[in-house]
Every structure is written in C-alpha cells, then in structure tokens.
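Structure first, commentary second.
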Amino acid sequence: MANPDKACKAERAYATAPRRTFWVGVACALVGAGLWGVSGACAQYLFSHYGITPMFATAVRSLVASLIFFGVLFFRRRYLLQLMWGSEARTKLAFLAFGVALFVDQFAYSMTIAHTNAGTATVLQMLGTVFVMLFTCVLGRHLPKASEFAGLVCAFVATVLIATQGDLGTLVLPAAGLFWGLLNALSVALYVMVPRNCGLFDRFGSFAATGVGMLVTCACAGVAYAVQLAGGAGAPESVAGMDAFGWLVLLGGLTVLGTFVSFGLYLRGVAAVGSVTGSLLGAIEPVSASVCAWVFLGTAFSGFDWAGLVLMLGMLALVTLGGKPKPLIPRPRQ
C-alpha cells in the first residue's frame, strides 16, 4: 500500500514545479539583462579609452563566448553536439536565423547610435518588446494580457525617461537612424522568439541553442570585420595599444560577463517564462546601465533615472505577478 504522506509530498512538489521554474526564469532573465548594463559600461570604456571599433568588440566577444559555450558542451553534454549536427535542415535554418538575429542586434544598435544618439537607440530598441507582443498575439490569435500591456507601457515610459533624461528634444530621428533602429528592434524580437517558437530550447536546451547562435554570430562578425579591414576601416592599431587592464575589461567584462553569462542567463529565462514576459524583463537593461555608469564611470544618477527605476519595478510586479503560473493540481482543502 502506498504511503499517503509520500504521495502528498510528491503531489505538492509536482504542483509547485511550474512556479519554481517560473521564478528561476524570472531571476535568470533579470540577471542576464542586468549584465548587459555591465557590457554597455565596458564597451563605453573601451571605445573612449582605447579607441577600438564596435565591430572588433563584437567579433571578439562572440568568438570567445562561443568557444566557452562549446567547450562546456564538449566536456559536459557532447551528445547534444552530435544531436544538433545531425538535425534536419529546418532546425539548422532556425539556428542560422537565431544567430544572424543576435549579430544584427549588436551591429544595428551600433549603427543606430552612429546615425542618432545613445538615447534614441535605446528607445528604438525597446520597440523590440512591442514586436514580440504583437507577433505573439498574431500567432496565438489573442489579445495581450492586461498586466503585460500595462507592463509594456511602464517599461517604455521608463526607457524614454532614462534615455532622454526627460528632454524629448534629444531624440534624433533621421531616416537612416529610423531604419537601423527598427531593424535593431526586429532583430531583438527574432532572437527572443525564434529559438523558443521553433523548438530549439525544448529540444536542445537554452544553453546549447545559445552556444550555436553565438557561433553563427561570430561567423557574421568575423566576415563583417574582415570587410571593414579590406576597406581600410577598423584598422587594428588601437588593439596594439591596449594594456592588461584593457584586455581584462574586454575579455572579462564585455565577453565573459557581458556576453557568455548575460545571454546564457537571459535566454534561459526566456525559455522558462515565455517570449513576452522575457522581453519585458529584458527592459531592465537601461536601469542596469545607469547604475553601472554611476558606480564605475562616475555618471550622476538623476531624478529621471530614479523615476525610470520606480516604473521598472512596477513593470516587474505586473509581469511577474500577472504571469505567475497556476499550480497543476488544486491545493488540498484545509
């Protein structure tokens, strides 16, 4: 005869599993997106102090990150490498789209800044969350949840406040800037939705899927950087002038923390909480960037930054409490 106490414990563990997975996903997405702020601070430091180009930084960070991903997979989950290598053409095409979207996200963001400014680029990038919600609703043939829509409004207003410091006149939007900004937002939506909707996360896990995507990003960045060098742009003289601290910032901060750990955790979170909630949680990046700039670069934390932080906290409450999964079985009556 089965032990009723053990059966009750098993049922409760089964019932709380989705909640635990959800909250772990929320934590992963927040930490991963928060580390993008570290990445931004490191990139700003490298660009201003050593003069390296964004394309060189993208090539290095994606190369080293993909090597770490595949190193871990080779020693710990080698069977996944064989499984992915032998997958059908449709799956490989999904991996290609995922990796290209990751690359375009980084490249288009830099191009948006070049044609506008950092604040405008950040606001346009936030439109990626709008695209995720729009695509999800169209594919699922439903309207967004009230909590998700309210969270989107909070996140968008917070992003505008932080990026513009309350002065909308700083938004610069020429045609080229609008093009690259919208392309950046679309790429954000694609790299959030493609691996989850195409079953890459379910079949191979978020870690392995992100590793393959980063490898494709590395290939794209390598080709783009080679084209730059052939055209006489992006010459590597500035790299030769980097000291040990510069390489530490590039490899430790921008690459390991800002790429390998950040994308690994963030996409692990997206796999657990869903594309819409995950993209909204990713909006915490501007707050993280402001905090990192305040702590490491001495940039003042203004009243608009505080207002944006409060709105972001409101967004977190809306999307986490509104998206909290129900238990799989009803709670036992007392």
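Including glycine, each Cβ sits where the backbone N, Cα and C put it.
Automated prediction, rather than curation, is the source of TrEMBL annotations.
Here TrEMBL flags 24-163, 176-320 as domain 'EamA'. Annotation source TrEMBL lists transmembrane segment at 21-46, 52-73, 93-112, 118-139, 146-165, 171-192, 204-227, 247-267, 279-297, 303-323.
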Segment-segment contact (the transmembrane segment (146-165); the transmembrane segment (279-297)) at 3 or more Cβ pairs under 8 Å: yes
Tertiary contacts of the transmembrane segment (52-73), as residues 6+ beyond its ends and Cβ separation under 8 Å: 43, 46, 80-81, 102-103, 106-107, 110, 207-208, 210-211, 214-215, 217-218, 221-222, 224-225, 228, 233-234, 236, 238-239, 242, 250-251, 254-256, 258-260, 263-264
Beyond the flanks of the transmembrane segment (118-139) by 6 or more, those residues with Cβ under 8 Å of it: 109, 112, 148-149, 152, 155-156, 159-160, 162-165, 170-173, 177-178, 181-182, 184-189, 192-193, 197, 275-276, 279-280, 282-283, 286
Highest-contact recorded stretch vs the transmembrane segment (247-267), from 21-46, 93-112, 204-227, 279-297, CB pairs under 8 Å: 21-46
Cβ contacts the transmembrane segment (204-227)/the transmembrane segment (21-46), at least three under 8 Å, sequence gap 6 or more: no
Recorded stretch that, among 93-112, 171-192, 279-297, has the most CB pairs under 8 Å to the transmembrane segment (21-46): 279-297
Chain residues outside the transmembrane segment (171-192) and at least six past its termini with a C-beta under 8 angstroms from it: 97-98, 101-102, 104-105, 108-109, 111-112, 115-117, 119-121, 123-132, 135, 164, 213, 270, 275, 278-279, 282
Confidence summary (mean pLDDT) of the domain 'EamA' (24-163): 85
